[in-house]
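Inspection log for the structure reproduced underneath, given as structure tokens.
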Amino acid sequence: MKTKKLTWINGVLLLILILAFVANLCGGVQWYGLNQLWADPNLMATKIMWTIRLPRSLSVVLVGALLAFSGQLMQALSKNPIADPSILGVNAGAMLALMIGSLFGISLSVFNTMWLSICGALITFLIVLGLSMTKQGIDPLRFILGGTVFASFISCIAYAVSLLTNSSVQFRNLLVGGFSGATYSQVELLTVGIIVVIVLVVVLRKSLTLLVLDDATASSLGAKPGVTRIIASLMVVICAGISVAVAGNIGFVGLGIPQVINYLHPDALERNVVPTMLAGGIFMLVVDLIAKTLAAPTELPLSALSAIFGGAFLFIIVAKGSRVTQI
């Protein structure tokens, strides 16, 4: 029965994803028909569809999937329903690393952007993890509070750096988030990230599901919680780092999407990975479409729109009195 329901949910989400992708691809300052993809390649509209809009839409859906999954994994790691890379400062750390690297003369090629972003995300994650450690393990409350404070601190540093160096225009996409200028090289980077994550999920599917249990119980069931937690943490860092490298600091995607999927289909983490990624892609496609069409020709900050929806969801979770537990 559960398998049939999950198949139905995945099918519906896939259909919505396709529709949202087509809408995002066709929408913009000027709307084009999908048939423009097969029109005369010398037409300006066809060139725009192939060189600007298609790589952007592909980047949008892949970033949405990565951010949603990173939130799902982080919530399992911390046993906290409001854990999210943006709230814990992981995204901000990746963003700051990119800014510092650029100011020191490092060329922000696709490869350099990737490793700088992942390094920044990793350092931030380790600092937040260290701040939340107790003798009994990770304190989920300290994990969230420490991460929130540290995220604010890093964001302030990033904004200060951009102002003091008169580079706010250069770092606009990093600071407010956005997909303008997305390229096929970035799509390839995101695709590699998705493939790595999926392979790790398949290999570690049982161990990842047991993360929600205490270490003693998980060990008795044959898992290695310590090793699994380290690998899962690296997966979060990779997802968040690559996403920031492509789209800048976009928050709250990993907060609400996993909660919605868990509400629709409460099940083990391994079985909810696919619907979570699909829903993350849908959410990001819709938000990006609003960002580039609502105030056209001006493009609205993607992080602001994402925060509106994510912040509202966070308020609902807090209002319901969601509890955190000790790992």
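In case you wondered, yes, glycine gets a Cβ from its N, Cα and C as well.
Per TrEMBL, the features are:
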{"type": "TRANSMEM", "residues": "12-34", "note": "transmembrane segment"}
{"type": "TRANSMEM", "residues": "54-74", "note": "transmembrane segment"}
{"type": "TRANSMEM", "residues": "86-108", "note": "transmembrane segment"}
{"type": "TRANSMEM", "residues": "114-131", "note": "transmembrane segment"}
{"type": "TRANSMEM", "residues": "143-164", "note": "transmembrane segment"}
{"type": "TRANSMEM", "residues": "184-204", "note": "transmembrane segment"}
{"type": "TRANSMEM", "residues": "230-253", "note": "transmembrane segment"}
{"type": "TRANSMEM", "residues": "273-291", "note": "transmembrane segment"}
{"type": "TRANSMEM", "residues": "300-319", "note": "transmembrane segment"}
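Note: the stretches the transmembrane segment (54-74) and the transmembrane segment (273-291) are in contact (3+ CB pairs below 8 A, sequence gap of 6 or more). The transmembrane segment (300-319) shares the most Cβ pairs under 8 Å with 230-253, out of the stretches 12-34, 86-108, 184-204, 230-253, 273-291. For the transmembrane segment (12-34), the partner stretch with the highest count of Cβ pairs under 8 angstroms, out of 86-108, 143-164, 184-204, 230-253, 273-291, is 273-291. In terms of C-beta pairs under 8 Å, the stretch of 86-108, 184-204, 273-291 lying closest in packing to the transmembrane segment (143-164) is 86-108.
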